[in-house]
Amino acid sequence: MKKHIPLKKFSQNFLIDSHIITKIVELINPKSNEALVEIGPGLAALTKPICKLIDELIIIEIDKCLLERLKKHSFYSKLIVFHKDALKVDYLELFNKKNKLIRIFGNLPYNVSTSLILYLFKKIKIIKDMNFMLQKEVAQRLIASPGSKLYGRLSIIAQYYCNIKILLHVSPKCFRPVPKVDSIFVSLIPYTDYFPYFTHNIKVLSYITNLAFQKRRKILRHSLGKIFSEKVLITLNINPRLRPENISILQYCQLSNYMIENNIYQKYIFV
Ligand code: SAM
């Protein structure tokens, strides 16, 4: 078979380190009775060993040439193939197909990983867990705490929905072509019984965090000034002179709930 030439536009950096591949498969720990979905199987570095452990795997791949190559493998009969952009897949359809919460994994295309994670959060109720290889900086943003340079909207929304754990640090040498960035393999497990944070409406939380972090250097009195007066911020125990990175997720939830409880969100957001 002719060698596949990796496409930059699809962030094709293929895993080649067998030790790391084995570790990742162990960490995902797939079981036959589960609804597993792989985003971007590529040259099957993870697909092949995972298919040894289960009977059926849903795959979503944008590159037709890579899908043609997969057809040559004996495990192909175990695959349910979606030739699609993972950002346009109706994950609810996959859930309905299997009638089970879905487990999503993949060595994600780094150019769309943040948008993809935010897109998947919109379908959080049908997801059991997500295990993703990400660019180190994106993984660090997911788990960042207040006060950190990497703390932002992604950290707040991700930690609102999920318990996130870093599972593995992966060197660029484990991929071909060698990427310019380090990688981290993470797990995101949606909260189900216990929720550490609460907002009446996630769209309002999303709106406030967006507004606050649009201008990271501005103090809250200025960045959120059009919604919250200094007096209101102080009543909510939030120092108006702080920058957005110094406010906890709990406090952002408080701000969004204040907007909802006082009926001031409709003016800004069409829910
Ligand atoms: N899983 C393989 C591995 O670990 O070697 C390939 C990982 S490579 C980083 C990313 C894969 O995602 C590629 O196969 C690429 O073609 C595919 N891909 C890129 N953008 C995509 C998208 N928007 N939707 C679905 N697949 C995509």
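Cβ atoms here come from the backbone N, Cα and C positions, even for glycine.
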Further S-adenosyl-L-methionine ligand in TrEMBL, beside N13, L15, G40, E61, D85, within candidate set N29, N99, N107, N111: N107
Cβ packing number for E61 (S-adenosyl-L-methionine binding site), 10 Å threshold: 24
Count of other CB atoms lying within 10 Å of the CB belonging to L15 (S-adenosyl-L-methionine binding site): 19
Which listed residue (N13, G40, D85, N107) has most other Cβ within 10 Å, given these are binding-site residues: N107
